[in-house]
Amino acid sequence: MGGGERNSIGALVSTVNTGETSTPAAAAVTAAGVVKEEVAAEKEEEVDKDMLCPICMQIIKDAFLTACGHSFCYMCIVTHLQNKSDCPCCSHYLTTNHLYPNFLLNKLLMKRSARQMAKSGTPVEQLRQAIQQGCEVSVKELDSLLSLLLDKKRKMEQEEAETNLQILLEFLQCLRKQKVEELNEIQNDLQYIKEDINAVEKRRIELYRARGRYSAKMRMLVDDSSAMTARPSSRDKGSGAIVSSSVNSQEQRRAGTSQTRNTDARAPANSQLVQWKDDNHGGSDSQDPNQPGKSIARKRRVHAQFNELQDCYLQKRRYWARQSQKEGEPIANVMNREGYSAGLEDFQSVLSTFTRYSRLRVVAELRQPDLFHSANVVSSIEFDRDDELFATAGVSRRIKVFEFSSVVNEPAEAQCPVVEMSTRSKLSCLSWNKYTKNHLASSDYEGIVTVWDVTTRQSVMEYEEHEKRAWSVDFCRTEPSMLVSGSDDCKVKVWCTKQEASVLTIDMKANICSVKYNPGSSAHVAVGSADHHIHYYDLRNISQPLHIFSGHRKAVSYVNFLSNHELGSASTDSTLRLWDVKENVPLRTFKGHTNEKNFVGLTVNSEYLACGSETNEVFVYHKAISKPAARHRFVSEDQNDPDGDMGSFFISAVCWKRDSPTILTANSQGTIKALVLAA
């Protein structure tokens, strides 16, 4: 209060000083008033201190006086005397028999409370205080007051009711808008479905007609071939009856009165032609006994993943509809040569690839136990440039290079590496040069990045700038002399095989688990970090990343590109994720495998993502479907370990064979399997 008065006095004094009249008297009067108020405030503060309970240091409530002349809150002093028998202020002997109500202090406290209420209390509190203190009010005044209160109550209830109705109305309007939008979306979806059904039915009719024409043409070819076979035979034998019979049967078959199998009986020489027809044409389901089974199996896969496929269809259909509207083209005009819209064509590709496979079949198995090292974890497995060789590396401190065709075609006991190179430390990652076939890069637990010449079995370059374990290394696809590495020292380093030192360093705040070049650019790198994020950098400006992709709940253990704009990632939160690095948006999350603590591998191609699991299984996902498309469990070779299949071992590395349904997998036992997607 004093400060406020000083401010107002200061303003007043400066205003008065601008005049020519004398001001000392006015200033003196004002100053005297201020002094009096300050003195009163100090006295009030002193009174307040005297009214504090020495025990709780709060304003005394229900004051009681001791025989030694000190006042306390009744509950405070009683509680004190339960433990001690002295006065808290003077230590005089004291019991509850020496306590007396302090009526005068209680009266003063009530008056003080009333003054404070009058100063700071609300009108309602003041009114309540006045009534409680016995303020004399007539019945007429009370009736008037009650009438005012009732009017105020009705007004407040009306305002509250209007507010509630306004909120309800806004909610209903918002709900109606949302449902109308959903209805419009459903109507649009139904229109898309109707158009696509018509397009598919039209295409089926065209195929049926084409097959009918093809069958008629094939029957004519078979008949002509039968006639050519029968006529020379009749001349050789000199039997006119056979010739006549052959000609008549030809005319009957052209008239459609005979079956193709009669031709097979009468003209065995046509068996190759008929077989060619069956193999290339396919015919009806009755011609291929396996065809109905395959069709049923694919339909079952559709029904098992119907919701996922439905979301995929609608997503693609809506996307292409928006694209066509942006370009100003009517949707009906955006058709391919088969009469399909772009969205339907895109979805048909997904549907055909997804339903084509349902399991992983083992085509080869390679067991390479290391006699000198009990640990056989394969940390990395990679195909070379031409998919002819593949290399493995891990904690055994050896890089082994195998010929893929030999592994697949030769017996297990004859399989051995064509090249083997020893290293000083455990290995974490491998990467083949995309241009120079015999160059292979490795990163190890000591932070050393090495470029090897597989032909000479010697290292070409060794880079030792990382201060801690290097987890990942990758050769650039568009600039073969460049490679990138990431380490536990929180640094990403870019190297050139023509230089002995790194050409670029990116300092980050968390450990680096994985690095990968964009396959279409030598300037863009994706970095998977222990901070749960993916940092996408343009190496021409490393001051900050182009974008940070967030979504994983734990460390990002792997990153890998499906295409120039699609990036896959794996994390120890047991998920894979797909991102669009062009639009900087998440596309899909994949769940099904278990990955909470180990590096289980990640490999991708244009359509599929595959990873390992801590259940000793390999999982394959189609990029458009969140649930697994296929899986395969490794069986433990240790028969004495009953839990070997589930808990002790895990898949540690995976790698697709380019443009192929074949995938190489390895587990923590050192077992390597070549698997192929199968129906």
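Numbering starts at 1 and runs along the chain as it is shown here.
Every residue, even glycine, has its Cβ placed from backbone N, Cα and C.
Averaged across the coiled coil (139-203), pLDDT in this predicted model comes to 91. The coiled coil annotation in TrEMBL covers 139-203.
Under the heading compositional bias 'Polar residues', TrEMBL lists 242-262 (among others).
Annotation source TrEMBL lists compositional bias 'Polar residues' at 283-293 (among others).
TrEMBL lists 53-91 with the feature domain 'RING-type'. With a cut-off of 8 Å between Cβ atoms, the residues of this chain six or more beyond the domain 'RING-type' (53-91) that come close are 98-102, 105-106, 109.
Under the heading region 'Disordered', TrEMBL lists 224-296.
Here TrEMBL flags 463-505 (among others) as repeat 'WD'.
Under the heading repeat 'WD', TrEMBL lists 549-589 (among others).
If you look at the repeat 'WD' (549-589), the same-chain residues 6 or more away from its ends with a CB under 8 A from one of its CBs are 511, 513-521, 524, 526-534, 536, 595-606, 609, 611, 621, 623-624, 626.
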